[in-house]
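*Asks:* Handing you this structure, nothing more for now.
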Amino acid sequence: MPNPNTADYLVNPNFRTSKGGSLSPTPEAFNDTRVAAPATLRMMGKQSGPRNDQQQAPLMPPADIKQGKEQAAQRQNDASRPNGAVELRQFHRRSLGDWEFLETVGAGSMGKVKLVKHRQTKEICVIKIVNRASKAYLHKQHSLPSPKNESEILERQKRLEKEIARDKRTVREASLGQILYHPHICRLFEMCTMSNHFYMLFEYVSGGQLLDYIIQHGSLKEHHARKFARGIASALQYLHANNIVHRDLKIENIMISSSGEIKIIDFGLSNIFDYRKQLHTFCGSLYFAAPELLKAQPYTGPEVDIWSFGIVLYVLVCGKVPFDDENSSILHEKIKKGKVDYPSHLSIEVISLLTRMIVVDPLRRATLKNVVEHPWMNRGYDFKAPSYVPNRVPLTPEMIDSQVLKEMYRLEFIDDIEDTRRSLIRLVTEKEYIQLSQEYWDKLSNAKGLSSSLNNNYLNSTAQQTLIQNHITSNPSQSGYNEPDSNFEDPTLAYHPLLSIYHLVSEMVARKLAKLQRRQALALQAQAQQRQQQQQVALGTKVALNNNSPDIMTKMRSPQKEVVPNPGIFQVPAIGTSGTSNNTNTSNKPPLHVMVPPKLTIPEQAHTSPTSRKSSDIHTELNGVLKSTPVPVSGEYQQRSASPVVGEHQEKNTIGGIFRRISQSGQSQHPTRQQEPLPEREPPTYMSKSNEISIKVPKSHSRTISDYIPSARRYPSYVPNSVDVKQKPAKNTTIAPPIRSVSQKQNSDLPALPQNAELIVQKQRQKLLQENLDKLQINDNDNNNVNAVVDGINNDNSDHYLSVPKGRKLHPSARAKSVGHARRESLKFTRPPIPAALPPSDMTNDNGFLGEANKERYNPVSSNFSTVPEDSTTYSNDTNNRLTSVYSQELTEKQILEEASKAPPGSMPSIDYPKSMFLKGFFSVQTTSSKPLPIVRHNIISVLTRMNIDFKEVKGGFICVQQRPSIETAAVPVITTTGVGLDSGKAMDLQNSLDSQLSSSYHSTASSASRNSSIKRQGSYKRGQNNIPLTPLATNTHQRNSSIPMSPNYGNQSNGTSGELSSMSLDYVQQQDDILTTSRAQNINNVNGQTEQTNTSGIKERPPIKFEIHIVKVRIVGLAGVHFKKVSGNTWLYKELASYILKELNL
């Protein structure tokens, strides 16, 4: 930063101030070829000594020396004339410290406001740049001739004092902003004084001005205006309790945050008031100024804020100001008379409040206490608007802190520390203050349940010291000490301005100290963890070096190299294992580096629910010793990976993370590549003969790993001719660290989990399954299927959401790329709440991923030719029938809300992540509803189910596909409905009406071929790879496909729409091209994947109608809306279908 005493932001560095106070060029200017140069290093404060012109390179192209002399002489002549002042250009700063200036968001006569961004933290704030008035005036005076007489000198001195007063107001605004701490007051973090400007760093309020909001929306409903009014009243209570008056309260100075809360800004006209004195400064905006200001009458302070508050409230509920006229004189008279017209739509209560606030006589005007306690302000609330004043205690001379006084001096609240100390002692020893303090402690003692009253020596008692400490640290909203009381005057609130400033500064110092202590504690904790990690690494290295086995050295060297540079991996110290194992020889084996998961409970996924786990829950204390006896553990936990938060943080800070992301697309070409060890991960289970997997693996399927697979954990795939999972290891083989290849081969030499891991996990699974079975009342046959699911989950390569526990940890390479570039699959699969966690019976067969390798069929879910078992259709239809029966039930709204309340967080993504919109007039009565979101969601699912529309629930809504029968309906069985409430006749009427809308020319061969080629061109932009599944097969359990197959070929592809659903998502959820990726719309019913327009019976197929239903939350008005969006298909049919769905929804 430049030094204000040595550097000014002038254009030409050759001009220096002469002794007479005027600017004149130095002789060096005549020898310098640079006539006008930008700011040099000396101006920027980077060069303190005299500049050597001959050694410094020119900053501009050289000019003619003769011309430079003439220009310099001309400037010297201009300086001698009164109107020939030298014009000085200001230096325009582009950054301040680590804050980079982005854009100007506001400007005025005093300065401008710029949006800034921190280089390291990327935090967004705003900087208010205010001109230093006195410095600008002095610069201007330097260019003028010297005063000629004494009167001119006095006039200039008076003007200078006026400019200095302006700077004092700016400094006062900055000082008050730094000590104020209230949720409805915009924070001021720091102020920096430069040579010509003041820079004030403010909190960024992204919602805009309340003025813009009123212009856009007009007058507000009273319950919305009440929310804003309570925020304003809360902020004014805080200010007035600290002897601060705003004096410029208006809708332009009230901001709205992104969460809908108000923030008061612009304390440039604020001042400190005293109830014993009066103020004489008349300031404010004309429309919101109190009549006593226009009449130039002295005032105390709070009453002018009450008047302005009343005008603001009137604007909120009426959409206009109460006093308005083009002529300012007439406007003055209207304000002084105070006659207000109230519209007829206002309630009696709000009119009653406004008529008490907008009163010309300040003595008859309502106080802030009356406003806060008014019935209109508290309608719909159980409490009055809080002031958020922290708990305070009356001061004594012994409690005055020198550190607080120094901070007050630094902020320029006081001029002398010792004088202020004496003033404070005089105030706290006044008889009135001591009496109020005694009453305060008596009242507090009664509130705390203490029988004895406090005497004058209460501070010397240990019990009373404890009382003071507990009172200060308690919640102000619970203590009730600062509630207004007509019979009691609180000595800690607005007793004297000096005491109030002392309390505010003391609280600011306490906040800074607490923040510093937290930072120091985090730093010490990080250092301790780093030392512990270094000790663990050193111990592991020592053990490895002392071992003579070359196999162990080879297997241990790679993970240790990965552990050293990564401070985020914490491992348990290596401890020798017991020699009781029958399968391993531990006499010459190094100890295992195994991680124990901090919790075996299974919380919700961090990336699928807003209520994600805290990092403190992830980095809990690790257990110490693991028994070496291998225990049979479910393969589900063989590849437990770290939390997505931890993994993402580590990948951002490691070169390996960059290469890992780059190499995601090519992993399938390197089946033997190893990956670095995982933080907080359980190693794979040691597979021995004594702990065989209880599930048979009759089939195997090779699955490649892609960056588009949203697996939270990757199960080992079973590749043909790979290592047998039951194979017994060699007698002297060692337990190597986990090795994960891209093909996910099973390794027989893997360490075991803790002995109690399976027990706890199985108990939790049984508990979850039992709750779901009790809720849905599944029969004994379904119970057998569920048990088979639990046993067979080890062989499941797809990530079934209905059986995945909450909050599973993610490997860093398996996480989504970023929040802004999230994979669409990871944003889709969540658990529908009403069939709470129904395990589909098709999971036992894996529905294709464990099918025979020689039976290849087109699998729309994985968008490739994967193996699908022949009986996959049976399971899918059974699951869909179950879901149909559940959502077809006529449930009451109360039952729906009860089911929704029992659902875990993130299980209803369509309403957990609704899109908020402010567009007025965008929705109609038909597309909006005042019903709760769970009821709207249930109605949508019920209607789609009754209409046999395949759908998938994703974040923010539903993705739907309407499969239509072919033209020649006589050759194909008629589609029947399985839903309850929509009979066959009604379904056929809808079907016939939709069929009649479609002309036969639309289904001509030429049109189909053209459409097919168009879809293929879209698929060329797909950011995926062939043979890479886009979604886990578990998506079938979240879709509706209750249609009876039209043909044997179609029956084998009952899940055909799943592929289309997996390729689409809502636009605002993801940022990829997800309209149609291939020509799968034409070959859904084609077993061999051939792109044909006719099925095996020669019947022409009609392209399906694909559309999205967005669930939108309309802000302010509190309504839920639905928004339809067509993806593909006939537009006229889509319009008719959407209209029919809206009619059935009956929102």
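Using N, Cα and C of the backbone, Cβ positions are placed for all residues, glycine too.
These figures come from a predicted structure and were not determined experimentally.
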*Asks:* Out of SER841, SER863, SER888, SER1063, which one does Swiss-Prot list as phosphoserine?
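*Replies:* In Swiss-Prot, SER888 carries the phosphoserine label; others show none in the record.
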*Asks:* Given that Swiss-Prot annotates VAL105, GLY106, ALA107, GLY108, SER109, MET110, GLY111, LYS112, VAL113 as binding ATP, state which candidate in LYS128, LYS135 belongs to that site as well.
*Replies:* LYS128
*Asks:* Can you tell which of SER22, SER474, SER616, SER876 Swiss-Prot marks as phosphoserine?
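*Replies:* Of the listed residues, Swiss-Prot records phosphoserine for SER22.
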*Asks:* Considering every residue in the domain 'Protein kinase' (99-377), what is the mean pLDDT value?
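*Replies:* It averages 92.
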*Asks:* If one measures from the C-alpha of GLY111 (ATP binding site) to the C-alpha of SER146 (phosphoserine), what distance in angstrom results, rounded to a whole number?
*Replies:* 29
*Asks:* Using a 10 angstroms cut-off on Cβ to Cβ distances, just flag whichever of SER109, SER146 is the loneliest among these recorded positions.
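*Replies:* Among the recorded positions SER109, SER146, the lowest count of other Cβ atoms within 10 Å belongs to SER109.
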*Asks:* In sequence order, which same-chain residues at least six apart have a C-beta under 8 angstroms from ASP248 (active site, proton acceptor)?
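*Replies:* Looking at Cβ-Cβ distances below 8 Å from ASP248 (active site, proton acceptor), excluding near sequence neighbours, one finds ASP266, GLY268, LEU269, SER270, CYS283, GLY284, SER285, PHE288, SER308.
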*Asks:* Can you tell me how many other Cβ atoms are located within 10 Å of the Cβ belonging to GLY111 (ATP binding site)?
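*Replies:* 19, counting other Cβ atoms within 10 Å of GLY111 (ATP binding site).
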*Asks:* What is the total of other Cβ atoms whose distance to the Cβ of VAL105 (ATP binding site) is within 10 Å?
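*Replies:* For VAL105 (ATP binding site), the count of other Cβ atoms within 10 Å is 12.
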*Asks:* Rounded to a whole angstrom, what is the C-alpha distance between VAL105 (ATP binding site) and SER146 (phosphoserine)?
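*Replies:* Computed Cα spacing between VAL105 (ATP binding site) and SER146 (phosphoserine) is 40 Å.
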*Asks:* Reported as an integer number of Å, what is the Cα distance between ALA107 (ATP binding site) and SER146 (phosphoserine)?
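*Replies:* About 34 Å separates the two Cα atoms.
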*Asks:* Give me the largest Cα to Cα distance among VAL105, GLY106, ALA107, GLY108, SER109, MET110, GLY111, LYS112, VAL113, LYS128, the residues the record lists as binding ATP, in Å as a whole number.
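*Replies:* Result: 14 Å between the two most distant Cα atoms.
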*Asks:* In DSSP terms, helix, strand or coil for ALA107 (ATP binding site)?
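*Replies:* ALA107 (ATP binding site) sits in a strand per DSSP.
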